[in-house]
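The active site, proton acceptor feature in Swiss-Prot is assigned to ASP147. Swiss-Prot lists LEU33, ASN34, SER35, SER36, ARG37, PHE38, LEU39, LYS40, THR41, LYS54 with the feature ATP binding site. As annotated by Swiss-Prot, domain 'Protein kinase' applies to 27-300, with the evidence given as sequence analysis. Taken from Swiss-Prot, the feature N-myristoyl glycine applies to GLY2. Marked as repeat 'HEAT 1' by Swiss-Prot on the basis of sequence analysis: 460-497. The feature repeat 'HEAT 2' is assigned by Swiss-Prot to 576-613, with sequence analysis given as support. Taken from Swiss-Prot, the feature repeat 'HEAT 3' covers 615-652, and the record attributes it to sequence analysis. Per Swiss-Prot, the feature repeat 'HEAT 4' maps to 654-691. If you look up Swiss-Prot, you'll see 1078-1118 marked as repeat 'WD 1', on the strength of sequence analysis. Annotation source Swiss-Prot lists repeat 'WD 2' at 1126-1165, citing sequence analysis. Look at Swiss-Prot and you will find 1229-1268 tagged as repeat 'WD 3'. Summarising the annotation, Swiss-Prot assigns repeat 'WD 4' to 1275-1315 and lists sequence analysis as the type of evidence. Annotated repeat 'WD 5' per Swiss-Prot: 1344-1382, in sequence order. Sequence annotations record features per position, and here Swiss-Prot assigns repeat 'WD 6' to 1422-1454 based on sequence analysis.
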Amino acid sequence: MGAQLSLVVQASPSIAIFSYIDVLEEVHYVSQLNSSRFLKTCKALDPNGEIVIKVFIKPKDQYSLRPFLQRIRAQSFKLGQLPHVLNYSKLIETNRAGYMIRQHLKNNLYDRLSLRPYLQDIELKFIAFQLLNALKDIHNLNIVHGDIKTENILVTSWNWCILTDFAAFIKPVYLPEDNPGEFLFYFDTSKRRTCYLAPERFNSKLYQDGKSNNGRLTKEMDIFSLGCVIAEIFAEGRPIFNLSQLFKYKSNSYDVNREFLMEEMNSTDLRNLVLDMIQLDPSKRLSCDELLNKYRGIFFPDYFYTFIYDYFRNLVTMTTSTPISDNTCTNSTLEDNVKLLDETTEKIYRDFSQICHCLDFPLIKDGGEIGSDPPILESYKIEIEISRFLNTNLYFPQNYHLVLQQFTKVSEKIKSVKEECALLFISYLSHSIRSIVSTATKLKNLELLAVFAQFVSDENKIDRVVPYFVCCFEDSDQDVQALSLLTLIQVLTSVRKLNQLNENIFVDYLLPRLKRLLISNRQNTNYLRIVFANCLSDLAIIINRFQEFTFAQHCNDNSMDNNTEIMESSTKYSAKLIQSVEDLTVSFLTDNDTYVKMALLQNILPLCKFFGRERTNDIILSHLITYLNDKDPALRVSLIQTISGISILLGTVTLEQYILPLLIQTITDSEELVVISVLQSLKSLFKTGLIRKKYYIDISKTTSPLLLHPNNWIRQFTLMIIIEIINKLSKAEVYCILYPIIRPFFEFDVEFNFKSMISCCKQPVSRSVYNLLCSWSVRASKSLFWKKIITNHVDSFGNNRIEFITKNYSSKNYGFNKRDTKSSSSLKGIKTSSTVYSHDNKEIPLTAEDRNWIDKFHIIGLTEKDIWKIVALRGYVIRTARVMAANPDFPYNNSNYRPLVQNSPPNLNLTNIMPRNIFFDVEFAEESTSEGQDSNLENQQIYKYDESEKDSNKLNINGSKQLSTVMDINGSLIFKNKSIATTTSNLKNVFVQLEPTSYHMHSPNHGLKDNANVKPERKVVVSNSYEGDVESIEKFLSTFKILPPLRDYKEFGPIQEIVRSPNMGNLRGKLIATLMENEPNSITSSAVSPGETPYLITGSDQGVIKIWNLKEIIVGEVYSSSLTYDCSSTVTQITMIPNFDAFAVSSKDGQIIVLKVNHYQQESEVKFLNCECIRKINLKNFGKNEYAVRMRAFVNEEKSLLVALTNLSRVIIFDIRTLERLQIIENSPRHGAVSSICIDEECCVLILGTTRGIIDIWDIRFNVLIRSWSFGDHAPITHVEVCQFYGKNSVIVVGGSSKTFLTIWNFVKGHCQYAFINSDEQPSMEHFLPIEKGLEELNFCGIRSLNALSTISVSNDKILLTDEATSSIVMFSLNELSSSKAVISPSRFSDVFIPTQVTANLTMLLRKMKRTSTHSVDDSLYHHDIINSISTCEVDETPLLVACDNSGLIGIFQ
């Protein structure tokens, strides 16, 4: 712009700089970035974000910038294609100034060097590598930058470098050596006096000769400047030259190697790299390409060249756009780029196996060696095995396994891990996580960060990864919050070293954030709190370990004199930590949600260890013992399963005073699973020796009656406890003390081991006996059997002993002894009826009431000699039953009761409430609102197709007419027509015709904008017989969706009579007609209406539907179509609506239309009027570019369904009546694309065949996949059809094996019944065994069978199919397999089929070729193109076969 420009430019502008910006359209001035005299740099906003504007204020109005701007524009256009360059996107000249505009980035390289976290060595190397590649690309375009410095190198948040502010046409090439003012004016805009210019650019002679602008910049000048930049970044921001040092260096009076490089750089390779770039002689400076080749594998790691750089360059190009021709920028907006980071994160996730291979991460192939080549895309799994709860599975598209280890262990073996190259990916992922839109992608990002964190040092784990996990605590999605918490703990678990800056990370940073996370989620769902509670103990372990690290470092770094100070600070820090963890623990212990408490209990032992014995007693145990009274038995079970471990930690005193008495009381819990857990815990405590001998006898007396309990687990654990006690006692103690207690419960004396004792235990009482005993204990009133004796005896746990009345005791105190008048009066009116004996031969008196109960026991199977068993269980049952009695939901009287872990549902008292029947009536609105009732009756009579309606007007016994027949549609009751109202004395069941209570608007044209040619929608009125005024009931009744059956919809026409399937056994294969009207357009689908007037429907790839009158064609009267309908798009499928003159058509534009064929009888001829569109829907409303490729229709009194398979392998089910979408079934993509479908005769089962040879069986009632299998060589399955001849559970499968025509399977049992082999060689039986496991791991056959079948048709016991290669048609006879034959074949060979019984369940039909004639075959009688569709029908009792091929030819065979 002129060598002497510095002399004429104003020292300061006459007006404020923002006034120059205001003249620009759609630009808002923000601030001024520098105060340079040459170019004023401002920050502004435009519609697409922040921009930088460099303003050149013209020294005079006539000063023209056009030649400069043209050259800058041409240069920017070339540079716009490079990912390392940020060019000027807009250049503007006004009469006062020139403007160069580009995008604004926050940081340049100079700023980044001083920001935390500081760049690591591998990142500095990668930045230098990027800059050399960027400069190489620029020089390859014959462009020179001219002003490379750290301020002109922009850096993204993940350290991708971008060169900007090219100065070749803006600033002078040469500067005077004696005037530093020129350098300050043009190049020292930051006023740091740092010089990056090559020494040869300071040349006074060339400057004075006027070549400062006309001189040519050289590539060597850029190399020198870049060498200065690389030296500065490795010197932690210290510049290699200022202006005076550069002059000294030029005069050889400054030794840069000794005075700078040796001081700042330890690496000899780095020093040599810089020296090769800053040589005084430009010719000795190496080019970028030479530098990269020379230092490959020496200074720059080899994986920079082979993988890393290219991979990140691809990521950059994914997030940017390339300018179109003649433009320097694109108009990409922020809205367009909102999901770009989602795409790049997904790419890293998909490419993880490739990343591991290229960086030598310890990736192990499942069943293979380290680093082996990946197989074809299947499944990839990473298992994190560092922490107890973090055995997380990450799924990637490769079949590999990664065992993550501590950094120190891996870095010793692998160079790339030691260099921490994973930091490059961590920088990218961590800075993108907050801008990711999709929750699923954000979860993948967290998983990747957790995995990559294992390959960086402990310091970088904390500084570079942990903050981003913590920032995800603020995310609105609980899945993200929970996974961020899990990954945080996982990463911290592997940390083994701490630096001084991170010593207080928990107190100052993590714990306050965790508390805030917990508080902020109080009002949300419990998922996060459950995860947090489960992780708390692991967090406590990490905190404890960090404390140990900190203390050890202080002891090593300080002298003994400072030990007191260290101890004090450590004590304060520990107190804060313990208090914070205590607050979190109490919060979880007192949480309102049971599952949060259970999650804490699952891993509470490390937390107890963290607090120590005293604090555990005060904080944890005091809360835990209250859980035994909780209503939720699952919580009680969790506590009891944990309590034995806590007991070991707390010791015998706490066990005997608190824990053991509570466990003994809990043996009588109402839930048997709780009792099992108690017995299991007692067994563990006995085994560890924590329970002293003084408790053995009382525990034996309490538990030994449980050997008669009906629960098998309770009996076994009771026996295990007895065996543990026996092992702890001496032989004398066993036989003198324990043996008398347990002997009654065994048949005979045995050895004291589990196997012997379990085999000779007395038979337990049955469940019905036990439940009746519980019921008796609660309901007993005048009973001596349950009468307890008041006693002051207590056992060793402080519980009162239970003693019952015996005959001796009652005789002494109640029956004959008059001294105890108080006790006698309490039994007044009670008379003994008989006695029973206990297991210790004591007589127990019974009252008459007791005797009645005993008789009940006899009735349910308890013999008289086994009555002692219920006597022995009295003490246990009376405690258990009292607990049950406190629970109003417990079913005492149900003899079939089986206890469950979960609480029983609320027991509503329905004793005096009778069920109420509510009837629904449904009719079309125009019928219900019409004034003339006669016309309604007429219409109803026209559409009476159900035989049950014929007797609907018969009189009942009382002479009144019966109500009309009620039918069941979708689980609700409706009337077929109105009847005269009746009265009855039972007001709960009266039906009265009410006014319409709700209108169900069902549009048959859902989702369409243009419905001009579609039948208008019809309103349906639904009324019910409810006469009450309870709002909740009325609201509930209004939720029922009731529709009339399809036969009541007039637009579908009258229902056809059931026409039997044609008898194809008489088919001879004679060609009687050839229709060529459709040539050369391919016929893609066809169908035949089987009614009284059979007609053929064909659809072509041009979207034309044609209707053909088969009767007239056979007679020879016409050979053209009767009707034509244009669908405007390729027809993919035609399917008939059963029992109606209507059919459904799907096309590639996403449309599904239902057409009705209108025709009438004129004398003996049938005249076709038109095709009327009665329903229409567009699948593009549900999915982009989606259309149906297969359809099936099903109609009965309850359902009218249209099942459509789309090109996206989704199955969509519609209601034919309204074309409303009912459900979507999405099959697993791992099973392959769905290629064929069929439904069973009850429309409950959907059968899918896939391109990977897998058969999937779905229950469409519950949208559940119930079975999948493959067989053979897994060839693609092209057709599946229901085979009713062999039963409702049989399905015909074409495909799966390249050796068969087809196979017939029982899809319920999953075995092959028949196999139709396409050769005379019998395959192995294993070929037809179902493979149900490991379907995703099978090697699938990607090609179809050589004898591929193009289409199939099933008619009763006949299966007709076409051979794609020969266009022959084969007919298999299921009734007589040996009579199967090729009915239409152009070959000189005939097929002979030989049935072979292989097993009782499998029959094979082998095909054998046999020459039939030596004469030539008349080719005109056969199809010469692929047959796309075949159909069968019967006209005047003559079976017909209609075949339509790819050339548009229709052949009719008789």
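Any Cβ shown, glycine's included, is placed from N, Cα and C.
Structure coloured by features recorded in Swiss-Prot.
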residue : record                       : DSSP class
LEU33   : ATP binding site             : coil
LEU39   : ATP binding site             : coil
ASP147  : active site, proton acceptor : coil
What's the longest C-alpha separation between any two of LEU33, ASN34, SER35, SER36, ARG37, PHE38, LEU39, LYS40, THR41, LYS54, the listed ATP-binding residues, in angstrom? 13
Rounded distance in angstrom between the Cα atoms of SER35 (ATP binding site) and the residue listed as 'active site, proton acceptor': 18
Take the repeat 'HEAT 3' (615-652) and find every residue of the same chain, 6 or more past its ends, with a Cβ under 8 Å from one of its Cβ atoms. 578, 582, 585-586, 589-590, 594, 597-598, 601-602, 604-605, 607-609, 658-659, 662-663, 665-666, 669-671, 673-674, 677-678, 680-681, 684-685, 688, 690, 692, 901-903
Structural state census, the repeat 'WD 5' (1344-1382) (DSSP three-state): 3 helix, 20 strand, 16 coil
Here the stretch out of 460-497, 654-691, 1078-1118, 1422-1454 with the most C-beta pairs under 8 Å to the repeat 'WD 2' (1126-1165) is 1078-1118
Least crowded of the binding-site residues LEU33, LEU39, counting other Cβ atoms within 10 Å of each Cβ, is LEU33
Long-range Cβ contacts under 8 Å made by the repeat 'WD 5' (1344-1382), restricted to residues 6 or more beyond its ends, are 1061-1065, 1067, 1069, 1275-1276, 1278-1279, 1281-1283, 1285-1286, 1292, 1294-1295, 1297-1302, 1314, 1316, 1318, 1390-1391, 1393-1395, 1403, 1405, 1422-1432, 1441, 1443, 1445
Who are the chain neighbours of the repeat 'WD 1' (1078-1118) in space, where the CB to CB distance is under 8 Å and they lie at least 6 residues beyond its ends? 1056-1057, 1059, 1061-1062, 1072, 1124-1136, 1141, 1143, 1145, 1147, 1155, 1157, 1159, 1166, 1168, 1171, 1428-1436, 1438, 1440, 1442, 1444-1450, 1452
Using the recorded ATP site (LEU33, ASN34, SER35, SER36, ARG37, PHE38, LEU39, LYS40, THR41, LYS54) as reference, state which further residues of the same chain have their Cβ within 8 Å of the centre of those residues' Cβ atoms, listed in sequence order. GLN32, VAL55, THR189
Inter-residue Cα distance where the pair is the residue listed as 'active site, proton acceptor' and ARG37 (ATP binding site), in Å: 17
Counting only residues 6+ away in sequence within the same chain, which have a CB under 8 Å from the CB of THR41 (ATP binding site)? GLN32, LEU33, ASN34, VAL52, ILE53, LYS54, VAL55, THR189
With DSSP, how much of the repeat 'WD 4' (1275-1315) is helix, how much strand and how much coil, in residues? 3 helix, 27 strand, 11 coil
Just to be sure I understand, if DSSP states are collapsed into helix, strand and coil, how many residues of the repeat 'HEAT 2' (576-613) fall in each? 31 helix, 0 strand, 7 coil
Outside the repeat 'HEAT 4' (654-691), six or more residues from its ends: residues with CB under 8 Å to it: 613, 617, 621, 625, 628, 633, 636-637, 640-641, 643-644, 646-648, 698-699, 702-703, 706, 711, 713-714, 717-718, 720-721, 724-725, 728, 797-799, 876, 879-880, 883-884, 887, 890, 899-901
Comparing local Cβ density (other Cβ atoms within 10 Å) for the recorded positions SER35, ARG37, ASP147 points to ASP147
C-alpha spacing of ASP147 (active site, proton acceptor) relative to LEU39 (ATP binding site), in angstrom: 14
Need one number: mean pLDDT over the repeat 'WD 6' (1422-1454). 88
DSSP tally for the repeat 'WD 1' (1078-1118), helix/strand/coil in that order, comes to 6 helix, 19 strand, 16 coil
